[in-house]
Amino acid sequence: MKNSKNEKSTNSKVDQLRDHTTDNTGEMLTTNQGLKINNNQDSLRSGERGPSLLEDFILREKITHFDHERIPERIVHARGSGAHGVFKINKSLAKYTKANFLSEEGKETPVFVRFSTVAGSAGSTDLARDVRGFAIKFYTEEGNYDLVGNNIPVFFIQDAMKFPDLVHAVKPEPDNAIPQAASAHDTFWDFISLMPESMHMIMWAMSDRAIPRSYRMMEGFGVHTFKFINEEGKMHFVKFHFKPKLGVHSVAWDEATKISGKDSDFHRRDLWEAIENGAFPEWDFGVQIIPEEDEHKFDFDLLDPTKLIPEEEVPVELVGTLTLNRNPDNFFAETEQIAFHPGHLVPGIDFTNDPLLQGRLFSYTDTQLSRLGSPNFHEIPINRSINTVHNNQRDGHMRQQIVKGKVSYEPNTIGGGCPFQAMMKEGGFTSQEERVDGQKIRARSQSFVDHYSQAKLFYNSQSEPEKTHLQNALIFELSKVTIPAIRERVVGQLNFINKELASLVAKKVGVDVTKLQQPNGSIPADADPKTLQSTEKEPSTKSSEALSMKNTVKDTIKSRVIGFVMENGVNAKDVKTLKSKLEKEEAVVQIIAGSLAPVKADDGTIFEPKHSLTSTASVCFDALYLCSGKNSAENLLNEDNKPGTLLFVNEAYKHCKAIYFGKETDEIYNASNVKGKKHEDSAIITSESNNSDESFIKAVSNHRVWELEKDRNNPA
Ligand code: HDE
């Protein structure tokens with residue numbers, strides 16, 4: 001594996017900007033004024049047991065700074081993690097865009113990427129059921145370009161006007177501030193039940209996409225339709241995609257809730273450790289390009305952010321690679337202070353009139369003013385552009401740049417007219433000319449009115465286990481809703497998507513299904529009658545392969561975490577052989593034992609456990625190896641260890657993970673829920689299986705065999 005610390009950084013230009021860095025090595029303590037500190041243990045006081053003195057400027061400076069350490073967290077997307085990396089364009093897009101970083105084949109651009117959940121506070125669990133933010137700052141030679149997207153290609157609402165309502169509804173309820181980082185409560189579903197436009201996104205949010213296995217295994221989407229403009233001024237519409245090289249994978253909801261207790265930093269740790277281990281997360285970058293003249297050829301509106309363009313209609317062309325290769329040095333300075341904005345553009349890219357995007361263009365600068373406290377937030381190292389900033393803006397809180405001379409206006413003669421406007425051919429940004437003429441009006445376009453077709457498309461495209469998980473998610477969420485009328489309205493909405501889904505959910509959440517048939521039962525007041533009719537008479541069967549995670553499984557175990565469960569007496573040879581095979585494929589092996597005491601193997605080898613059966617759980621691993629060795633197996637089943645060992649195995653089994661029973665571990669196998677399953681189950685490997693090590697590796701690469709849930713009579 002590559003070592004991230006030794007990797008020659010491709011971000012050298014960004015590094016040059018980070019001239020405020022220090023690692024304090026070999027340095028003495030100073031105050032903020034650079035005064036060396038002689039005593040950092042005691043405050044200044046009148047006598048050893050006397051009162052502290054106001055004069056103690058060193059104590060006061062230290063405590064004042066401490067008192068002001070917090071800044072307001074992001075109003076949404078507060079919980080997040082980020083990393084540095086590089087974006088490489090492999091196939092020029094010059095035909096469509098003049099953006100320099102997309103048009104020069106082979107060009108590398110430094111980036112910082114921040115992933116996030118939306119609803120929870122900064123300290124909330126990573127495993128909440130939620131949309132994930134996928135925000136990228138490209139430090140291009142033409143200025144910073146921010147693509148502030150999500151891991152879901154559509155959004156809940158069509159107009160920025162509804163965003164505060166959506167966010168208020170999902171956030172903890174205002175009277176008692178419950179629940180944290182969860183949509184399973186009255187106000188969220190009350191709002192949703194009255195917003196049929198949210199139904200497509202609800203399908204995604206209730207699917208396992210909302211509980212990713214890792215940030216490294218999520219797709220990224222620009223969501224809105226954007227515009228590409230080429231050198232000739234020709235415009236194409238574009239949708240942006242990032243497809244993870246490791247495939248798209250999720251955990252089961254039961255795992256998510258348990259991981260939240262065992263390791264609520266699971267995604268943060270996973271990203272950090274992968275980069276430290278040199279398993280750099282990678283995505284293919286792709287575009288869907290739509291010629292201007294095709295704008296109206298779809299049966300939805302390209303400006304409607306609740307719609308995606310099915311890949312069958314416009315294929316995603318893969319043209320670049322995004323790689324994350326360096327962890328931040330300082331979480332606050334970088335990940336917390338980075339300020340994204342969909343309005344940070346470069347020539348060659350432009351906005352569309354998507355009414356959600358248009359509203360965002362106001363919000364992001366505004367929010368930085370309250371979060372970062374100054375219009376000079378662009379001067380914080382992580383936010384600086386590679387090319388130096390030249391303009392006549394001046395002063396303000398915490399100004400860093402020292403502009404020389406007398407001039408801060410334009411036009412001027414005193415400064416020789418500088419800084420002066422750039423012509424278009426010199427890279428000066430111009431907005432794409434567009435004829436706009438219409439009535440000033442507050443209204444939604446009729447072309448935005450079909451709220452159910454793509455919700456159906458998504459549901460139809462899911463594999464059976466994915467459908468089951470989605471149904472269970474809806475049942476979980478709606479069961480937390482205390483007001484029956486809200487549950488009823490939501491089920492009414494689901495009925496427009498899929499009758500079977502609606503009645504399955506209805507049964508579990510106490511809604512009378514027969515009510516759904518009544519003409520006025522649950523039909524939303526503004527629902528399009530055309531849509532309703534087609535739903536009822538002729539259920540749509542359209543589907544799209546790209547929408548199921550099942551179709552993204554890759555033949556790799558790279559960076560998968562395999563738990564080796566062992567105790568004293570373990571067979572050292574088998575452990576070493578399997579470990580080296582797994583590590584050759586770039587998987588990560590972690591040892592789990594009854595305690596953290598070193599484990600003594602049959603040949604005297606000592607293995608150091610990273611975890612004990614009580615400090616972790618199988619939900620934190622991708623697969624388990626019950627290590628060979630009769631004595632080890634016996635020790636794992638002694639009075640102390642038995643409950644932990646069996647819980648480990650049974651939960652891994654429940655979650656359809658690959659489990660490998662090494663030699664002489666039959667006792668564990670027989671005591672667990674796996675008993676009797678070894679020969680009929682592709683996820684269960686034993687030492688008697690053919691090529692058992694290789695079969696295990698294959699099973700791990702499948703991620704999970706969700707199809708087995710039913711046989712196990714134990715839905716995950
Ligand atoms: Fe955001 N959003 N958003 N959003 N958003 C913010 O900006 C907002 C929307 C997204 O890691 C805030 O700096 C409005 C869609 C991400 O720092 C804020 C509307 C999409 C992040 C804001 C939207 C996003 C944010 C909060 C509707 C997917 C985290 C802190 C008009 C395409 C970026 C901040 C990071 C953050 C406003 C809708 C993605 C308040 C008003 C749609 C990934 O400005």
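Here, residue 1 is simply the first one shown, and the rest follow in order.
Glycine is treated like the rest: Cβ placed from N, Cα and C.
Because TrEMBL annotations are produced automatically, they should be read as predictions rather than curated entries.
Heme binding, as stated in TrEMBL, involves Arg74, Phe163, Arg360, Tyr364, Arg371; the candidate among Arg114, Arg129, Arg326 given for that site is Arg114. Cα separation, His77 (active site) to Asn150 (active site), rounded: 11 Å.
Non-local contacts of Asn150 (active site) by the CB criterion (under 8 A, 6+ apart in sequence, same chain) comprise Val131, Arg132, Gly133, Phe134, Gly220, Phe221, Val223.
Summed and averaged per residue, pLDDT over the domain 'Catalase core' (30-418) gives 97.
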